[in-house]
Every structure is written in structure tokens, then in C-alpha cells.
Amino acid sequence: MGAVSCRQGQHTRVSAPQKGDNIQGHWVQGWKSLWCGMGTIRSGLEELWGLQRHQCLHQELLQPAPLLLEKPQSEWPVPQFISLFLPEFPVRPVREQQELKILGLVAKGSFGTVLKVLDCAQKAVFAVKVVPKVKVLQRDTLRQCKEEVSIQRQINHPFVHSLGDSWQGKQHLFIMCSYCSMDLYSLWSTVGWFPEDSIRLFAAELVLVLCYLHDLGIIHRDVKMENILLDERGHLKVTDFGLSRHLSQGARAYTICGTLQYMGEREAKVGREGDLRM
């Protein structure tokens, strides 16, 4: 999935809004098709923020908060446009979708948009990646999109960004993960440098994650600072498995992929050792 990151930079795969942008302005208008026909719920900053422990990047009042919901249908047949994405993306009842409210925009990339949402039932904040089905089919990335979810369901590691849920609407796919307000690149851009002890800790945690993934036959193929989130205690959370692959023992991957700004001359040599190059 696209990086669940609050970094404000410009790379090929992620383009986050500039600090100070009105997140209830231009970007909300483009998403009205997702929650058309529904009302809005007005809630003050104190009420929303009292239900979560993370510090929001944007310190504006977030109201009204639209519902993360596609237009409800009385009956849902299973046409090919839905069955293609099963079973990784099941169809969720409308009432379950009504429990999610949008708090803000985290990032917007070529494959989709990542939203910060409030789960009213759990009283917890999550990140939801929204991917148009049309883009998935146009770019012939159906297998890649389904494998991203399948791989994340196999992973259970303290330094990996955990998958909460995945489902589909009539026009979009939704991938919900835990929310982290900071990534390694944003932290580095803010402080300018890391102490040696911090670098050792980050490196040790990253190596533990990569060894764990490789033992499962999983290669990430897009390890970079933007895809390394930080939890509230400062520990790493590797995220964005959109380019990952599951390989059988001894198999190799030969696809040239990743983020253009990070590719080197040896990028064509893609395999499990490729993850060790940042």
C-alpha cells in the first residue's frame, strides 16, 4: 500500500499536502462520490482528539467529518467487478462502514489516497487506503493489489505496520491499518540528524523485520525512510507492501520496481538481498 506517512515531500509514489493546507477544502470535494447521499457529523476538536493518543499533523478544526461510506445498495449482486477482488476484499455491510468518520488526509499517491479515520465503535484512529478499482484494472495491478493484503494478513511482528481490515465498495477498495503520525523521513527532515545510538536501534529493528519477512519468503522491494513509520514509543513500523512478493524457496523476482528517486544501478538485480539496500 502507499506509504501511510505524514511526510510533506514530493516523490513518485506519495505526494502529501503542504503544511497549512485546508484539508477540509479542495481535497474533500473530490471525494464526495464516496459518501454521497449521506449526512455529516459535526464534532469538536476536543471530542475527536479525546478518543485517540496520536498528535495530528494539522491543527485545524476538523468539521464537518464526512462518513467513509459508498452509496448504500438494497441488494448487491456479485458481478465480475466485485468477484474479481474476492476473497481479499470482501463486501462489508453498510452499517459497518457508517462507523468510520474521516478526520483528514494523510497522503495521496498515484495508486490511491490514504485517509485518517475515526472508528466510532472502537473509539480508535486508523489509516485507510482508498484505491479506485478502475485504476487497478487499467494498470493491470489486480494480482499485486490482492497480494499486498494477502501478505499483510500473514505477518505478525511488532515492527511491522499491522493490517486491521480490508473490504470493497462498488467503485473502491479499502485497506485499513493502524495509524502512525510520524515516519522516519519526516523525523530526519525535522531534526536534521540522528544520534548514533538511535541509528543503531533503527538498524537493529529494521534487520529484525527483514529477516522475519525473508524467513516467510516475503520480499518488500520498496524499503525507504518514507515507508518506515514510528509508533508513539519511537519504534519502527515497516509499511507499504504494495510492491512486495511472496516467493517459494530458491525462487527469484526479476521485476524492476521501487521508487524512482531511490533506484540505483544494481536495482535490476532484485531478490531477497535487494531489501538490504535502502
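Note: Cβ is positioned from N, Cα and C throughout, glycine not excepted.
Swiss-Prot lists VAL106, ALA107, LYS108, GLY109, SER110, PHE111, GLY112, THR113, VAL114 as ATP-binding residues, and of the candidates LYS129, LYS133 the one it assigns to that same site is LYS129.
Cα separation, GLY112 (ATP binding site) to ASP222 (active site, proton acceptor), rounded: 17 Å. The two recorded residues, LYS108 (ATP binding site) and ASP222 (active site, proton acceptor), have Cα atoms 17 Å apart.
There are 11 other Cβ atoms within 10 Å of the Cβ belonging to SER110 (ATP binding site). For ASP222 (active site, proton acceptor), the number of other Cβ atoms no farther than 10 Å from its own Cβ, over all displayed protein chains, is 21.
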